[in-house]
Amino acid sequence: MMVSLFSQFDSPWLLNIPLVLLALIMPWKLFVSFGPSWAGTRSSRLVYVTMETLMSQVMQPLNKLGFRWVVLFSSLMLMLMTLNVIGLFPYTFTPTTQLSMNLGLAVPLWFGTVVYGFRNHPVIALAHLCPEGAPNLLVPVLVVVETLSILMRPLALGLRLTANLTAGHLLMHLISSAVLGLMELSVMLSGITLLLLVFLTMLEIAVALIQGYVFAILVTLYLDENL
């Protein structure tokens, strides 16, 4: 039971061939051909307004020096939101439920902010390891605690995204199995459970969008400490 339950998080294979290879050999699908017809559509306007609103909130903590990162953060947030939502469709694979991918995004971004801080403002970066006004006897302990706290940031960033999406997928899988099982016992109970599944799906769509936003804004806050 547990094997079949968690098998939905395995990378899909077809005829003993990993389908991820198919994605890797089709990079041109990632590029969009912008033209006059695309620029004037309502959907493009909706995407533009939505991204403008979200990025204004994400970049709000940063000063002018941080605006050079706006393309990276907007691309990161849009990619995570897209992958999270697409993973809710049937017969799809959600790569953001894999801790390896999330850590692969979190560690380089976090490490880049740390290196940027130590390279441009080494004194300020070191000052973050010891809170202002701390007693002299507690300084060594506080330095160790703050160092561990900073080192745990990418792990917490990746685990947060993985845990939230994995829990939602498992809950949807369990409730959908309950819907099929209750059809033989009571149509009414099955219908009520199906209604619950619909509301849960709507909630998971919101969670998928929010988690992409949270990931991007946390990286922004890490960068703000090192600017």
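In case you wondered, yes, glycine gets a Cβ from its N, Cα and C as well.
Some features that Swiss-Prot has for this protein:
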- 14-34: transmembrane segment (TRANSMEM)
- 69-89: transmembrane segment (TRANSMEM)
- 98-118: transmembrane segment (TRANSMEM)
- 137-157: transmembrane segment (TRANSMEM)
- 169-189: transmembrane segment (TRANSMEM)
- 205-223: transmembrane segment (TRANSMEM)
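Relative to the transmembrane segment (205-223), the listed stretch 69-89 leads the set 69-89, 98-118, 137-157, 169-189 in CB pairs under 8 A.
Proximity of distant same-chain residues to the transmembrane segment (98-118), defined by a Cβ-Cβ separation under 8 Å and at least 6 residues beyond the stretch ends, is recorded for 9, 76, 124-126, 150, 153-155, 157-159, 161-162, 215, 219, 222-223, 225-227.
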